[in-house]
Amino acid sequence: MEFENPGIVKLKCCVKNYDWGKIGTGSSVAQLYAKNSGEEADDFKPYAEFWMGTHESGPSYAVVAPVTVDQGENEVANSGNSCNLVNLKDWIEQNPSVIGDKVLQKWGHSLPFLFKVLSVAKALSIQAHPDKVLAEVLHKQYPDIYKDDNHKPEMALAITEFEALCGFISLEELKLVVHNVPEIVEVVGSARADQVLQIKQQDGEEKSKEVLRSIFSELMSAKKVVISEAISKLISRLNAKHEVRELTDKEELVLRLEKEYPGDVGVIAAFLLNYIKLNSGEALYLGANEPHAYLYGECIECMAASDNVVRAGLTPKNLDVQTLCSMLTYKQGLPQVLKGVALNAYTVKYIPPFDEFEVDRCFLPQEASTVFPVVPGPSVFLVMAGEGKIQTVSHEESVAEGDVLFTCANIEITAATTSVRFLP
């Protein structure tokens, strides 16, 4: 079946109601999904993720006007007008030129990226995403858990102030943890703790990684009763300290995590990870095999098209501690915070070190316009607020908050506002 190709196609997108999401209309995800779908948000339901892409776990649907009326298996009649909703991947398969030869040859008929908005009310799991080789192994062995065979490098771009745990603390900080957090020493043993204290910078990076791997693996693999007892002691000690001095940010975080996930190993493991606070417009790149956990706030997230997550704490979901501990790089130190590169007065580009995607963040003032130049692959535009138009040489779409648009490869796009603001 053939469709008219205007270069711009509106999308109806998927929502995920994970229990860590913000509740009701307090969630940007809820607001965007309500606008996009025409459904009212439930004031008592968590709205965690708004998905835009072709991944089978949450596909988007293209709003298309067919040349001929033929309700196929993957089409759904749209009773509000003459358009149909067609699974985006199916539509791309029927119209492969829309994604361009470069993307088609490398990634086939699927979008190479998955684009999301996240509204985080409480911590997500301590997790990592496998590289391509490990993803293929995990998918083959456990297809019910690891749904695809792709890697999942990703970028988180803060919409509000956004908190995360990301990567392991430095060797110097690890020594301070061993000195100041006796509950970790009780769990991993004094011999491992002594290894941390005895290591020197001149011993080299690999030696430091080996010691860190030993500490982290022992902690994450400890029996629940051991962890529960250690956390009980830890919380009592921190509460007592709070009576006589101000707690550090990390100590305050640990108290908060314990309320969200009582007795969870992730509460105490947080001491080993960097605690990062992003301002709006700042971003983190999260490579394969790096530990992280989003904690609070709202962000745009873009990643290679995968839903593979290896978890080991701060979650009631399936845990795979052995795989997570064996796959990590154990690289230490603060992650790089990306501020993007200004393309013009309105647009900032964030470029990760891989090929699947780039992210543009555009703030347009009232009655302004900007041009997005030709790129060899497809794009997805999300209107976060305001009203305006997106157009090609031959077609124009009026857009407003919650609209999501697929734009074809090799087409110049002009965006203009009629009221304020933002198109990433």
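Our numbering is plain: 1 for the first residue shown, then up by one each step along the chain.
Cβ from N, Cα, C; glycine included.
Annotated features in TrEMBL:
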{"type": "DOMAIN", "residues": "8-168", "note": "domain 'Phosphomannose isomerase type I catalytic'"}
{"type": "BINDING", "residues": "Gln127, His129, Glu154, His292", "note": "Zn(2+) binding site"}
{"type": "DOMAIN", "residues": "191-273", "note": "domain 'Phosphomannose isomerase type I helical insertion'"}
{"type": "ACT_SITE", "residues": "Arg311", "note": "active site"}
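The Cβ neighbour count for Glu154 (Zn(2+) binding site), using a 10 Å radius over every protein chain in view, is 24. Sitting within 8 Å of the Cβ centre of Gln127, His129, Glu154, His292, and not among those site residues for Zn(2+), are the Cβ atoms of Ala128, Lys152, Leu286, Glu290, Pro291, Val309.
Under DSSP, the residues of the domain 'Phosphomannose isomerase type I helical insertion' (191-273) split into helix, strand and coil as follows: 67 helix, 1 strand, 15 coil.
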